[in-house]
Amino acid sequence: MVWQGPQRRLLGSLNGTSPATPHFELAANQTGPRCLEVSIPNGLFLSLGLVSVVENVLVVAAIAKNRNLHSPMYYFIGCLAVSDLLVSVTNVLETAVMLLVEAGALAAQAAVVQQLDDIIDVLICGSMVSSLCFLGAIAVDRYLSIFYALRYHSIVTLPRAWRAISAIWVASVLSSTLFIAYYNHTAVLLCLVSFFVAMLVLMAVLYVHMLARARQHARGIARLRKRQHSVHQGFGLKGAATLTILLGIFFLCWGPFFLHLSLMVLCPQHPICGCVFQNFNLFLTLIICNSIIDPFIYAFRSQELRKTLQEVVLCSW
């Protein structure tokens, strides 16, 4: 990965400089403090990646199979699944190639490995950018469906949805190519971090506004039924819990990776920041975990999609 600076995973494997058997340890810097390093076993990383691949393939297959799901909202969810699928596939592919090179089962020259690493990095970066974009697109779509309910179908049409989807994919490919080509430039890392913060703020503002509108609607219903306190309190707690889970998972899974990028700009040589850099594979694992969780948050809550998913699974057997 280019995000590790000179410690590229595939090239490190080729040169025999990859880390030893992963474990949970305290690593001591020569000039700094003892660092808590959480190394992820390759078997666990590959297993999580494969689980994510299966989940997101099923989501895409279910949406493709059921015509009732051929709407802008489900297309955005399907594209999020494709992005998460690419995140998992590219990381699993990189790890698998790394293990093959380490075991001597795959003989390759440094130049070939360099090109392969660049291609994989472009795919990983592009899939991450598109995943964040589609998370934002889903938030915007839900916002429009609540605040512009009567005009929603005239605002969010299929042609507009497809144009937005196409623009996201094109922008993701172009930006990832530029990011990988100029990853040594501070501006590139700052752009990536700023993009993450912008998506986080966008999602937080939209979902908080939606929660406020939903609570206002619940109060109106409660007044009509003369059960204002109990209904409003119960709905408020449920809505706040849902919002906390949604934004919390997003921040916990993506935040450490972008903290890593931020520290690469702010303190690349500081010993304490070096402790954070040592846990890069943990941050990638958290992103894979996000790819596993996303279908449960955005896709599997739909009864129609769950029914179609069951049909897809039964047909595959």
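A Cβ is built for glycine as well, from the same backbone N, Cα and C atoms used for every other residue.
Among the features that Swiss-Prot reports, topological domain 'Extracellular' is placed at 1-37 (among others).
Annotation source Swiss-Prot lists N-linked glycosylation site at Asn15 (among others).
Swiss-Prot lists Asn29 (among others) with the feature N-linked glycosylation site.
Sequence-distant neighbours of the transmembrane segment (38-63) (same chain, 6+ residues past either end, Cβ-Cβ under 8 Å): 19, 21-25, 69-70, 74-75, 77-78, 81-82, 84-85, 87-89, 91-92, 95-96, 99, 279, 281-282, 284-285, 288-289, 291-292, 294-295, 299, 305, 308-309, 312-313. Taken from Swiss-Prot, the feature transmembrane segment applies to 38-63 (among others), supported by sequence analysis.
Residues of the same chain lying 6 or more positions beyond the ends of the topological domain 'Cytoplasmic' (64-72) and with a Cβ under 8 Å from any Cβ of it are 78, 141, 156-158, 160-161, 302, 304-305, 308, 311-312. Marked as topological domain 'Cytoplasmic' by Swiss-Prot on the basis of sequence analysis: 64-72 (among others).
If you look up Swiss-Prot, you'll see 73-93 (among others) marked as transmembrane segment, on the strength of sequence analysis. Within the same chain, residues 45-46, 48-50, 52-53, 56-57, 59-60, 63-64, 120, 123-124, 126-128, 130-131, 134-135, 137-138, 141-142, 145, 156, 161-162, 165, 168-169, 284, 287-288, 290-291, 294-295, 298-299, 302, 305 sit at least 6 positions outside the transmembrane segment (73-93) and bring their C-beta atoms closer than 8 Å to a C-beta of that stretch.
Sequence annotations record features per position, and here Swiss-Prot assigns topological domain 'Extracellular' to 94-118 (among others).
According to Swiss-Prot, the transmembrane segment annotation covers 119-140 (among others).
According to Swiss-Prot, the feature topological domain 'Cytoplasmic' maps to 141-163 (among others), an assignment based on sequence analysis. DSSP assignment over the topological domain 'Cytoplasmic' (141-163) gives 17 helix, 0 strand, 6 coil.
Beyond the transmembrane segment (164-183), the same-chain residues lying 6 or more positions past its ends with a Cβ under 8 Å from any Cβ of the stretch are 2-3, 75-76, 79, 118, 121-123, 125-127, 129-130, 133-134, 137, 189, 191-192. According to Swiss-Prot, the transmembrane segment annotation covers 164-183 (among others).
Per Swiss-Prot, topological domain 'Extracellular' is recorded for 184-191 (among others). Same-chain residues lying 6+ beyond the ends of the topological domain 'Extracellular' (184-191) with a Cβ under 8 Å from its Cβ atoms: 178, 261-262, 264-265.
Counting same-chain residues at least six beyond the ends of the transmembrane segment (192-211), those with a Cβ under 8 angstroms from any Cβ of the stretch are 129, 132-133, 135-136, 139-140, 142-143, 146-147, 179, 239-240, 243, 246-247, 250-251, 254, 258, 261-262, 265. If you look up Swiss-Prot, you'll see 192-211 (among others) marked as transmembrane segment, on the strength of sequence analysis.
Residues or ranges marked as topological domain 'Cytoplasmic' in Swiss-Prot (evidence: sequence analysis): 212-240 (among others).
Residues or ranges marked as transmembrane segment by Swiss-Prot on the basis of sequence analysis: 241-266 (among others).
Helix, strand and coil residue tallies for the topological domain 'Extracellular' (267-279), in that order: 7 helix, 0 strand, 6 coil [DSSP]. Positions annotated as topological domain 'Extracellular' by Swiss-Prot, on the basis of sequence analysis: 267-279 (among others).
What Swiss-Prot records for 280-300 (among others) is transmembrane segment. Counting same-chain residues at least six beyond the ends of the transmembrane segment (280-300), those with a Cβ under 8 angstroms from any Cβ of the stretch are 1, 3-4, 22, 38-40, 44-45, 48-49, 51-52, 55-56, 58-59, 62, 77, 80-81, 84-85, 87-88, 91, 128, 131, 135, 138, 245-246, 249-250, 252-254, 256-257, 260, 306, 309.
The DSSP breakdown of the topological domain 'Cytoplasmic' (64-72) into helical (H, G, I), extended (E, B) and coil residues amounts to 6 helix, 0 strand, 3 coil. A simple way to gauge crowding: the CB of Cys315 (S-palmitoyl cysteine) has 9 other CB atoms within 10 angstroms, across all the protein chains here. Residue counts for the topological domain 'Cytoplasmic' (301-317) under DSSP (helix as H, G, I; strand as E, B; rest coil) come to 14 helix, 0 strand, 3 coil. In the predicted model, the topological domain 'Extracellular' (94-118) has a mean pLDDT of 73.
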